[in-house]
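Before any comments, here is the structure.
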């Protein structure tokens with residue numbers, strides 16, 4: 001599976017975090 005940055009950003013934003021694609025993984029990181 002490949003990381004969809006848009007979807008990653010949206011799901012992380014609901015947690016108050018910033019979404020980043022690291023390789024094929026979505027990571028939620030603090031701003």
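The backbone N, Cα and C atoms fix where each Cβ goes, and this holds for glycine too.
What Swiss-Prot lists as disulfide bond is 3-21, 8-26, 12-28. Per Swiss-Prot, the feature region '[R/K]XCQ motif' maps to 6-9; the stated evidence is a curator's inference. Positions annotated as tyrosine amide by Swiss-Prot: 31.
Averaged over the region '[R/K]XCQ motif' (6-9), the predicted model reaches a pLDDT of 98. Neighbour counts were taken at the CB atom with a 10 A radius for the disulfide-bonded residues 12, 21; the maximum falls on 12. A coil conformation is recorded for residue 3 (disulfide bond) in the three-state DSSP classification, outside any helix or strand.
A strand conformation is recorded for residue 21 (disulfide bond) in the three-state DSSP classification. Between the CA atoms of residue 12 (disulfide bond) and residue 26 (disulfide bond) there is a gap of 9 Å, rounded to the nearest whole number. The most densely surrounded of the disulfide-bonded residues 3, 8, 28 is 8 (count of other Cβ atoms within 10 A of its Cβ). Taking CA atoms as the reference points, residue 8 (disulfide bond) and residue 21 (disulfide bond) are 8 Å apart. With the fewest other Cβ atoms inside 10 Å of its Cβ, the least crowded of the recorded positions 26, 31 in this structure is 31.
DSSP assigns residue 28 (disulfide bond) to a strand segment in the three-state reduction. Note: the Cα of residue 26 (disulfide bond) and the Cα of residue 3 (disulfide bond) are spaced 6 Å from each other.
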